[in-house]
Amino acid sequence: MLPPLFLDVQPHHKVIDMCAAPGSKTAQLLEALHAHDTATATSIPPGLLIANDSDSRRSHLLIHQSARLPSPAFMVTNLDASIFPVLRSVSTDPRRSVKKTSSQLLFDRILCDVPCSGDGTLRKNIGIWKRWQPMDGNGLHGLQIRILQRAMRMLEPDGRIVYST
């Protein structure tokens, strides 16, 4: 799929997939994170991938799907992407008297494949026509904007967001 390719994920990147389920794009991102691994490698990539989805059943599906691509650099969360919490990272600085410092974890790459009405599949799925209403898309607009705004606050300077519906 194209959205993960546009992110151009490298093994050292900190990546979050804001609306990850069912997990096919997440699998692509995880493969990119491990791109330089060899068949016998047991190394841990310096980056990480967080796959988030607000629906608990869909998050469980993510966990099940990720079992096929086990990685110590992968985490699944079950949170509302529009109010995703601030994550903190702790680092040790040997030059300072205070050994541990905490800072907000910002991401190098963020995928926002936000919820949509599915009306783009009308020509393939005739059943959608029976239920479709103009408010289907309009009702999701606010949520889509809030997810994108939250992603922009979580982005590292010079980072990259790919937004898709």
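Glycine too: its Cβ is placed from the backbone N, Cα and C atoms.
According to TrEMBL, the feature S-adenosyl-L-methionine binding site maps to CYS19, ALA20, ALA21, PRO22, GLY23, SER24, LYS25, ASP53, ASP80, ASP113. Take the CB of ALA21 (S-adenosyl-L-methionine binding site) and look out to 10 A: across all protein chains shown you find 24 other CB atoms.
The annotation domain 'SAM-dependent MTase RsmB/NOP-type' is assigned in TrEMBL to 1-165.
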Reported mean pLDDT - the domain 'SAM-dependent MTase RsmB/NOP-type' (1-165):
88
Tell me the Cβ contacts of CYS19 (S-adenosyl-L-methionine binding site) under 8 Å, same chain only and six or more apart in sequence, or just say none.
ASN52, ASP53, SER54, ALA81, CYS112, ASP113, VAL114, PRO115, ILE147
Grab the S-adenosyl-L-methionine binding residues from the record (CYS19, ALA20, ALA21, PRO22, GLY23, SER24, LYS25, ASP53, ASP80, ASP113) and give me their largest CA-CA distance in Å.
20
